[in-house]
Amino acid sequence: MKVNRNFYFLLAGQSLANIGDVLYVVSIIHTIFILTGSAAAASFVPFTVTSSMFIAGLLTPLLIDKVNLKWLLAGSQIGKTILLVLLGFMMIGMNASNVYWMFLMISLIAFLDGCANPIRQTLIPHYVEWDQLIRANGMTETATQFIQASMWFAGSFLLLLMGASQLIWLVGGLFTLASILLCFMESISHEAAVPKGRWEQIKEGWVTLSRTPVLKRIAWMDGLETMAGTVWIAAILYVFVSDALHTNETWWGFINSAFLTGMILGSLYCMRFSTRIENRLGAFILTGSIVSCLVTLVFSVNPYPAAALILSFCLGIFGQLKNIPQQTIIQSSVPKEQLSTVYTSLGAIGTGIFGIGSLIVGILADLLGIRAVFMISGLLLAGVSVIVYKNRQLFER
């Protein structure tokens, strides 16, 4: 693929950062559990991360008009590296009485992640021509899902081999390399034509979402999909494997792996047949939405572990066949200068709903049963399919 070399710096830098992120989470969850002996304390880590990223999504627009986008991304990564080094030194004397300092560092690192994520997505169309966007998004998603599929296993192995403290220093090295690569990217500025007040900067992305018909629909779709996706968090899927499939916990890992493998293959398909997809963006988004809905509904009533693997695999494939074209629609629906605020607003919607949804789905699972929450998930995805079908002309380019 012929693209600006800046895209490869972005891809390599973010891939190293993503590897580091997985290893970092493995290390801190293990450390907190060992120090406190509390699974609840360890499970508070995702809540802390989600809350901090939500706040970052609300406040990042204040920086976009003041800081070069390239340096906002690279600076966030450099900040994460510095905080991680401080965390490494803190872990030397860490115990149950001062573990709250670890949560403070986790919160600050997650805040910087929340600043960086929308900027990464914004920079792709700056470095890639329109006719290469599908392939570029496919490459990014393939790398991300491959890292997710492989590094959780690798992280567990490295944790046993090195210990949590040494693993943090390895992450520090990865973050340093990621920071260096991101610094090599070409500068992309975002200058406001007219000076804006703070409140105007914060609401800019929300105004763009509300005034752009296709983005308004995508925001609703993202909200429904995020809520539907909360059933796939570890705690809920583990209960489904145990209570609905009546099998041991190893199948939780198999189902997760099947889903991630499907996502990788879906991303590779988008890379291989990018031209075909570019000409039929709406059709792929609609097909992916409908199939994801049907597969989730079948998954909710399926009693067979082997069938659950196949269904999870299909969900991964068709989810990507929808998501990658949808990313391309977002990136081409507004001027590049507005993308950063659009992505911060979409990110805030996603993290906010995920945090609340994770709590709600746990309560519903206790009240209605584990199969019922997966059925509700399928119905939410049916809502997504209806939105796409009724507005299918908006998704064509």
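Our numbering is plain: 1 for the first residue shown, then up by one each step along the chain.
Heads up, the Cβ atoms here are built off N, Cα and C, so glycines get one too.
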Can you check which of 101-118, 281-298 TrEMBL lists as transmembrane segment?
281-298
For the transmembrane segment (281-298), find every same-chain residue at least 6 residues outside the stretch whose CB is under 8 Å from a CB in it, and list them.
221, 228, 311, 314-315, 318-323, 325-326, 328-329, 374-375, 377-379, 381-382, 384-385, 388-389, 392-397
Find the member of 7-35, 41-64, 218-239, 342-364, 370-389 that has more C-beta pairs under 8 Å to the transmembrane segment (71-93) than any other listed stretch.
7-35
Within the domain 'Major facilitator superfamily (MFS) profile' (211-397), what mean pLDDT does the predicted structure show?
90
Please indicate, using numbers and ranges, the residues of the same chain that are 6 or more beyond the transmembrane segment (342-364) and have a C-beta under 8 Å from a C-beta there.
46-47, 50-51, 53-54, 57-58, 60-61, 64, 114, 117-119, 121-122, 205-206, 208-209, 215, 218-219, 222-223, 226-227, 229-231, 233, 235-236, 330, 334, 372-373, 376
Taking residues 6+ outside the transmembrane segment (41-64), which of them lie with a CB under 8 Å of any CB in it?
25, 28-29, 32-33, 72, 99, 103, 106-108, 110-115, 117-119, 190, 198, 201-202, 204-205, 233, 235, 340-341, 344-345, 347-348, 351-352, 354-355, 358
